[in-house]
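I have placed the structure first, in the form of structure tokens, so that the comments after it can refer back to it.
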Amino acid sequence: MPGHAQNGNGDDDMAHNVKLEFKPYDKPAEGGDVVVFVGADRKSAPSAAGLLGAELDETIARAAELERFKGKAKSVLVLIAPGGLAADRLIVAGLGEGEERARLDWTALGGAVCARLSAGGHAHVLFEAPGEAASAENAADFALGVLLRSYRFDRYKTKKKDDDNGGAPARVTIHVSDPAAAKRAWKSRAAVADGVFLARDLVNEPPNVLYPAAFAERAAELSRLGVDVEILDEKALKKLGMRALLGVGQGSHNESRVVIMRWNGARDDVKPIAFVGKGVTFDTGGISIKPAQNMEDMKGDMAGAACVVGLMHALAARKAKVNAIGAIGLVENMPDGRAQRPGDIVTSMSGQTIEIVNTDAEGRLVLADVLWHVQDKYGPAFMVDLATLTGAILVALGTEHAGLFSNNDELAERIAAAGRATGEKVWRMPLAPEYDKLIDSKFADMKNTGGRNGGSITAAQFLQRFVNNTPWAHLDIAGTGMSSPSSDINQSWGSGWGVRLLDQLVKDHYES
Ligand code: BES
Ligand code: MN
Ligand code: ZN
């Protein structure tokens, strides 16, 4: 991958921005940053104190007093290293107390600490929580946060600041009591981090570079990990009858594609689970053209598809014991002499007819055919689709939660639980016949929008018309997949949202 060499084998010597390694406790080398953890009492762990000298806690206590540092979870205090310490800087990270401590998100902590490390430097993390044994899992989660935070997308900047490593540390050594256990725990996280980076890269790429066929080629690279990749071109899509999807792409000189990725990590007789992504590589709105302001953001209208590719990467790289299908619909929505018109009626692959009343409601047309195809051909145990589907979901939920719609309470609750575990949060929204009625059409079986009110819900109702009895969930990620606010673990415009969520869902419930 450009920008980030892929290394899904979980080697601790990864070719990322940051070189991460797990080592036993050791006297930190000369120079660099030393990181220690403290609770609300601002006392470091015994081995940190042992390694750094008895005055350490006194130094921390004095500095904390001056800086009003209370040891709250994820708060970070940066000091010039006191005399007697070989390091240049001492970094004190808070773990919090009580409830806060119990709920501590080690990944977010890793991100918060990474933000304060010396750019281009070498940091030594004394990974020990005072008063308890810090687990190998915690250390691996912390490392994941460091790595996710360090991501940069700078391949189009010709003047790189090569001295500062893009603001991230060059090397982070995490000192743990059991390095072998930490490395084992790290392996699967490294695979997930690579999947997130792949998704972010795809979302950040400009739309002249990442048009549908180019996107399909990127997805095809997953074959190196043992994923079976099939690319359907326009001829194949016509043959299948995907006229709803093809109608969206017909105004573009860039041909449409559908990509089917299959990872077979379980026995052949185990039903696959399926993930479907909206991949509009650029959404002008078509003839119902969007205003100029911020239209450039519509390069990110393929964040759903990017997540599906990133997830398939993660599952394959960590050799998940699951049969998973990833299917993405790739089109460019352009105005043109051949473009689809408002008023056109198209016949979808399902046979149902759709009156196009707004060419900017294109994502649902793409998903309609891909969902139908996946359900029909693969009979999956469930389907989850991800799409930057509606601006209305931003109005309803902002950028903190993705909208979750589902025909199945168990699946919905499992996704919500994975959201709580990973911090990629979802909020369930309603589906009901009263909403479904709003997309009935005078001229065809349905129309492609139900008006302004409840816009995210009528969009989901539209999708549901292409799902039979298969358990299904739809995630509207218009607010979370792109252009969302920076967080402890993400500073990138394209967030890679959903890769960690769905990897967790698979890990918790669907691996044999
Ligand atoms: N891709 C947009 C939705 C979107 C908006 C994503 C803002 C990310 C940020 C989608 O194709 C769209 O244009 N939806 C319309 C639907 C309307 C015409 C019914 C919308 O949300 O306005
Ligand atoms: Mn649109
Ligand atoms: Zn769109």
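For all residues, glycine too, the Cβ spot is worked out from N, Cα and C.
Going by TrEMBL, these are the annotated features:
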ACT_SITE  Lys290  active site
ACT_SITE  Arg364  active site
BINDING   Lys278, Asp283, Asp301, Glu362  Mn(2+) 2 binding site
BINDING   Asp283, Asp360, Glu362  Mn(2+) 1 binding site
DOMAIN    358-365  domain 'Cytosol aminopeptidase'
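In this structure, the binding-site residues that sit close to ligand 2, with a C-beta under 6 angstroms from any of its atoms, are Asp283, Glu362, chosen from Asp283, Asp301, Glu362. Between the candidate recorded positions, Lys278, Lys290, Arg364, the densest Cβ environment within 10 Å is the one around Lys278. Checked against ligand 3, the recorded positions Lys278, Asp283, Lys290, Asp360, Arg364 give Asp283 as the ones with a Cβ under 6 Å from it, listed in sequence order. In the domain 'Cytosol aminopeptidase' (358-365), the DSSP tally of helix, strand and coil residues is 3 helix, 0 strand, 5 coil.
By the rule that a residue counts when its Cβ sits under 6 Å from some atom of ligand 1, the recorded positions Lys278, Asp283, Lys290, Asp301, Arg364 yield Asp283, Asp301. In terms of C-alpha distance, the listed binding-site residues Lys278, Asp283, Asp301 place Asp283 closest to Asp360 (Mn(2+) 1 binding site).
Here the CA atom of Arg364 (active site) lies 8 Å from the CA atom of Lys278 (Mn(2+) 2 binding site). Just so you know, of the binding-site residues Asp283, Asp301, Asp360, Glu362, the Cβ with the fewest other Cβ atoms around it within 10 Å is the one at Asp360. On the 0 to 100 pLDDT scale, the domain 'Cytosol aminopeptidase' (358-365) averages 99 in the predicted structure.
The Mn(2+) 1 site is defined by Asp283, Asp360, Glu362, and by the 8 Å test on Cβ atoms against their centroid, the other residues of the chain that qualify are Val248, Val280, Thr284, Gly285, Gly286, Ser288, Lys290, Met298, Asp301, Asn333, Thr359, Ala361, Gly363. A distance of 12 Å separates the Cα atom of Asp301 (Mn(2+) 2 binding site) from that of Arg364 (active site). In this structure, Lys278 (Mn(2+) 2 binding site) is part of a beta strand by DSSP.
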